Every structure is written in C-alpha cells, then in structure tokens.
C-alpha cells in the first residue's frame, strides 16, 4: 500500500487556472485553481496559466473540473442543424417588417378611399410607433421575468390577432386603435434576437444575427410584391390579412422553440436547461461537455436599476442615443427619399413644397405601378448594407462598425448640399440607406452581447423603445422643417449621426470575441473570454 502511494506521488499532475474566468460554482470559492487530493495526501501542483483568448488543449479539456456552464456547452456543441431551424423560425417573426412596410401603402389608399385629411393619415403611422415605444420595455421585462419564449410567443400572437382584426375595421377610429395595438405587439418581436443570440456559439453570433436581418428586408420586398398583386383586385383589407401570414406560420411553429437554457439556469431550473442542451447536442450530432451544469440562480431579473449600475450606466445611456439616432436617421431618410425623387433635385424641394401646401389637403393620388417600383428599389438597398456589415463587423469590431456606418451616412448627407443630378442623388441615397441600415443591424448584434442574461431582454427592449422615440420625432424634421429649410434639415441628420459615431467610439465595452455574461452579479466577460476558438462557426 505504501509503495503504491509513493508511486502516485511521483505522477505529474497539471493544474489549470484560467485568467479572468470562473467556471466553478460559488461553493468552490472564487479561485479558479483545481487541486487533486489522493486519499488524504495533498500533492503540490504547478499551475498553468491560460491567458485571454487561449483555449484549453483538447487532451486536457476539463481534466479536474467536474462542472461546466451553458456557455461551455453552447461552444462545445457548436453551430448545426438546431441553429439552422432556429434561424428560419426566428426569421419568420422578424419578417414583421411587412406590418411596418404596409404603412406606406395603406396611408395613401385610405387617404383617397375615406377622404382623410393629411393629419389623420400621418396619425395612422404615428400610432404604430407610439404602440411600439410604449411596449418595448414591458416586453423586455416579461422576457427577463418569465422567459424569452413566453414573451416572444405572446407578442407575436398579439400582433397576429390585431393585425388580422384590423382588416375588418369599419371606420377610421377603429383602424387607428387596432393599428396602435399592432404596434404594441411589434414592440416585443425584437426579443426574438435575444432568444436567438443565446443559442449561438461565439464565432457564429454576429454573422447569424446579421443574416436574420435579411428576413426584415425580405419581408419589406414581399409586402411590396404582395401589394402589387392584391391591391388592384382584392383591396387593402385583404392586404392587411395576408400580411399576417409569416406571423401565422411562426405561431404554428413556435411550440417547437425551446426556452433559453441561459434563462433556465439563471432562474434555477437546472434540469430543464440540461434537457435543452442535450436536445441541441442530439440534433447537431455533437457530444455534451462532461460534468455537472453550474446553476447561478438570480431572483431579481429584469430590473431597470440593473441597467444603471456603475458598470453599465454609461453603456446604457450611450446605447439609448445610438438607437435613437439609428431610427431617427433611417426613417428620416425613407421620408426624404420620396421628397427628393418627386422634386428631381435638392434645390427644387422648397418651391415644390410651397405648391403642395397651397393645394387642398384632400387631394389624393392612388399608388401607381411606378410608385411600387420605386418602393421596391429603395427597399433593395438594405441588402448591400447587410453584406457590408457582415464583412466588417468581425474584422474591426462592433463599436467601429457602428461608428463607420454613422460617419458614411453623415458624409452622404453633407454631399446632398451640392447641386447634383438625379443619378448622383440616387447613388448617395442608396449608399446612405445601406450604411444606416447596417448600423442598425450592428446595434442589434452589440446590445444582446453587452448585457448579462438577467437584464439582456430588458436592455434590448429599452433601446428599442428609444429607437421608436426617434421614429416619432423624425417626421417633424423630414416633413415640417423641410418646408422651411432643406439644408437645415440635412444638417440636423448629419450632425445627429456624427454625434452617434462619437458615442459608438466612447462605448466602454467591445464585445467582439467575447462570450455572453450570465449574471449581473459578476464582472463583465468573467464567464467566457476566447473560448470560441474551437467552435465550428
């Protein structure tokens, strides 16, 4: 026996300690060092430090550690069949862009059919944004308190129900209320990004979230094509009903969606989280990590005060301004594009606006085939924005991608001060819209990455709410201020985006190459730094 014990003492044992990370439960203490004791005999082990960005060699994967976190499992399982299915189903929810695009088609139709004055037509659009603004934080709180799947499912079913019901509205007041309720439901749909991001390995996360944005562009294109077919024959009521088809399909498939394993771990539901991870591993044909899943229960989830802790206060305020600027500039450009094209060039806008102002407010024109073609072309500009952002976001980082997008938009806005022809005008507007939509997509990547699981949905929800504030204000600049001064209007948009570019640079955290933080009670990035090197992105 003594001889065997002597031989065991001579065996070399390696002890690993990761810098800046803890994958042990709190009972094990804050140290990341693992010690081996053999029948009461303590051996002195030489620690091996693994710096940030270094991966544990496969032959030493969890040699002495009997625990793993959700992030470990997601990285080990990698990207596979499960994530492909999730991409399609999440994309169907994200195709709610149809409900937004329909506003530009529905407004002129009702203006003519119901003889509505201009202010009532504008109110029909504004009420949707009011609904989105008022509900975004609420849906985020629900998703943090009761689960991502729960919040997303309720918001989609809400949007589907009132979207179909608005097709049967008999009078203006009815459709105004119903479209406001549709906007209330749409405010929760961005939570699909929260659910989606929490199932993605680190290397694939940015690319996949950006590709989900393609469904937004596809939804707008499909809405225009649907309007071309439906409006001349069946009318706007059928267009409203048929526009809910993607959400109807999502509602039928959403029962396949699992709850986020990160949320289950944070709410203390270890068995459910483990079952979800095993399901993903089975579908992907990948092995599960060995050991026991670490549970870090946190009761106080989805609290507004957590967004303003010393660690996140500056990030939250800067992100609110960035999201505000994104929506303010994006929707402002959409409104300005119509004015620029109808006037032919920028200097002619003021005189044209005065002529229109002198006309009766009840004068109306139905959308023509040429109008639908213009809508289609301006919508297609978002696809290059996705491709450019996709190419640069993992090369230069999230912060610099957002800053670059704002700078290019600001520069294009300033170039509009020049007296340019229609062709150059079209190119500038195309580039500006491509980059501002790319900046919006980069914000959708960055925001879920920077907040911990306990407040991730709420953080995204409040940012989305600030974006709707920008969307509400921008008509007063792009339409009202435009009557007074075209150049002052362009200067406002250019200046706003210049400030947003600076705000992007001043964000204290760069999330490129970082894992998702689980608990708000730990320092940011403590759980995962650099483990994505062995994930099959």
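Using the three backbone atoms N, Cα and C, a Cβ is placed for every residue, glycine included.
Please treat TrEMBL annotations as automatic predictions, because they have not gone through curation.
The annotation domain 'Major facilitator superfamily (MFS) profile' is assigned in TrEMBL to 85-512.
What TrEMBL lists as region 'Disordered' is 518-537.
According to TrEMBL, the feature transmembrane segment maps to 86-107 (among others). Listed by sequence, the residues of this chain that lie at least six past the ends of the transmembrane segment (86-107) yet keep a Cβ under 8 A from its Cβ atoms are 121, 124-125, 128, 152, 156, 159, 163, 182, 186, 189, 192-193, 195-196, 199, 208, 211-220, 222-224, 226-227, 231, 236, 239-240, 243-244, 246-247, 249-250, 253-254, 256-257, 334, 367, 375, 379.
Annotation source TrEMBL lists transmembrane segment at 119-142 (among others).
The feature transmembrane segment is assigned by TrEMBL to 154-175 (among others).
The transmembrane segment feature in TrEMBL is assigned to 209-230 (among others).
According to TrEMBL, the feature transmembrane segment maps to 236-257 (among others).
The list of residues near the transmembrane segment (311-331) in space but at least 6 beyond its ends in sequence, with Cβ under 8 angstroms from a Cβ of it, reads 402, 406, 409, 433, 436-437, 439-440, 443, 446-447, 450-451, 455, 459, 462-464, 466-471, 473-475, 477-478, 493, 496-497, 499-500, 503-504, 506-509, 523-524. The feature transmembrane segment is assigned by TrEMBL to 311-331 (among others).
What TrEMBL lists as transmembrane segment is 401-418 (among others). For the transmembrane segment (401-418), same-chain residues at least 6 beyond its ends with a Cβ under 8 Å from one of its own Cβ atoms are 322, 325, 329, 333, 340, 346, 389, 392-393, 425, 428-429, 431-432, 435-436, 438-439, 442-443, 446, 487, 490, 493-495, 497-498, 500-502, 504-505.
Here TrEMBL flags 424-446 (among others) as transmembrane segment.
The annotation transmembrane segment is assigned in TrEMBL to 458-478 (among others).
The feature transmembrane segment is assigned by TrEMBL to 490-509 (among others). Tertiary neighbourhood of the transmembrane segment (490-509): same-chain residues 314-315, 318-319, 321-322, 325-326, 328-329, 332-333, 346, 399-400, 402-404, 406-407, 409-410, 413-414, 416-417, 436, 446, 450, 477, 481, 524-525, selected by CB-CB distance under 8 Å and a gap of 6+ residues from either end.
Counted as Cβ pairs under 8 Å, contacts with the transmembrane segment (458-478) are highest for 119-142 among 119-142, 154-175, 209-230, 236-257.
The transmembrane segment (154-175) shares the most Cβ pairs under 8 Å with 236-257, out of the stretches 209-230, 236-257, 424-446.
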